[in-house]
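Pulled from Swiss-Prot:
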{"type": "ACT_SITE", "residues": "Thr192", "note": "active site, nucleophile"}
{"type": "BINDING", "residues": "Thr155, Lys181, Thr192, Glu278, Asn402, Thr407", "note": "substrate binding site"}
Amino acid sequence: MPVNLVAPDPASLLPVPGVRLGIASAGIKKAGRRDLTLIELAPGSRVAGVFTQNRFCAAPVTVCREHLTRGDVRALVINTGNANAGTGDEGLDRARRTCSAVADLFAVDATQVLPFSTGVILEPLPIDKILPALPAAHADLAAGHWSEAAAAIMTTDIVAKGASRQLQIDGRTITVTGIAKGSGMIHPNMATMLGFVATDAAIAPALMQRMVRDVADVSFNCVTVDGDTSTNDSFILIATGQAGNAEIADAGTDYSALKAALADVAIELAQAMARDGEGATKFMTIAVEGGRDRAECKQIAYAIARSPLVKTAFFASDPNLGRILAAIGYAGVQDLDVNALKVWLGDVLVAEAGGRAAGYSEAAAAAVMKAAEITVRVSLARGDARATVWTCDFSYDYVKINAEYRT
């Protein structure tokens, strides 16, 4: 079951002026399931995105990248149950045909539509089911359908994921709302995740790509469930500009304030993925400090977070903490002085000076391991940089869920 995670109250997901969402059932994987989502954007909205680094990227990712270079995005279409990945030229054609059908509904050009898919890889996109369902999704468009969309984009997720924040900029109330899906094949850059965060703030087009990368770097690129990088990962930032604030044109105070709110929403969504990791029973925070740069801190944090031996030890509540030291050692950080390291499990000092801490108590460590939320802290003692990664344990259910995924 998810770790300290519940679906958001629909009333807590605030409408974003300039955004409407509609949901319908295409029956892609299961008859009657609401698995098709349309998102309509007001004219003048600005959109930026970051996508999977997997070289075997899905057809919709390729099409999204093409369409984003042309600007003026007016609609998004999202299907679950089929990834449209590993589908070659036919997959590209079906993604583009989907965009054309959506464009007809909105009376825009097909290049103004971004397609997204998530689900099983290597199976043809069932366009014969998707296209007939699009008018129903279009008829369902409403500003308040964030909660319904959060549920519609799920695959193996147990809990829908959404969050909202508000802030003041230039005397105007700015709203930020986001939804995401993902609970397996989660590892940056990025994870099997789709994330959509929208704001009504006005921000210059030249800053949008910087903003989406800044936000992804501290959120969706800091979470791992199983170390697998998906073919379909996409994080989209939308700014409708309808709040009426003076356009944010430089990376000053207003940019920083908006970035903080966007990051706050994105971090909540990213952490929800680890909390909802397939079969998860523990939520783990891996915090590495004292590095020469953030990259090496992140490198060590990920080595710990994705280690199957570390993750299974946490599932068993077994303080077999030598596995953490082993992961640090094989992380690949150059010239690392292991004798300068310190490792804590919660507040329990586990290792220092190259070995077990003098006052270490296995009973104290075992007590920490029984908690549902656990922090591992590592000090490298060679600089001021730091990085944090979120993950979960590996349980029997992780194997069961993935073994039975197609059956």
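Don't overthink the numbers, they just go from 1 along the chain as shown.
In case you wondered, yes, glycine gets a Cβ from its N, Cα and C as well.
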Which of Thr155, Asn402, the listed binding-site residues, has fewest other Cβ atoms within 10 Å:
Asn402
Secondary structure at Asn402 (substrate binding site), reduced by DSSP to three states:
helix
Please give me the CB contact count at 10 A for Glu278 (substrate binding site), counting all chains in the structure.
23
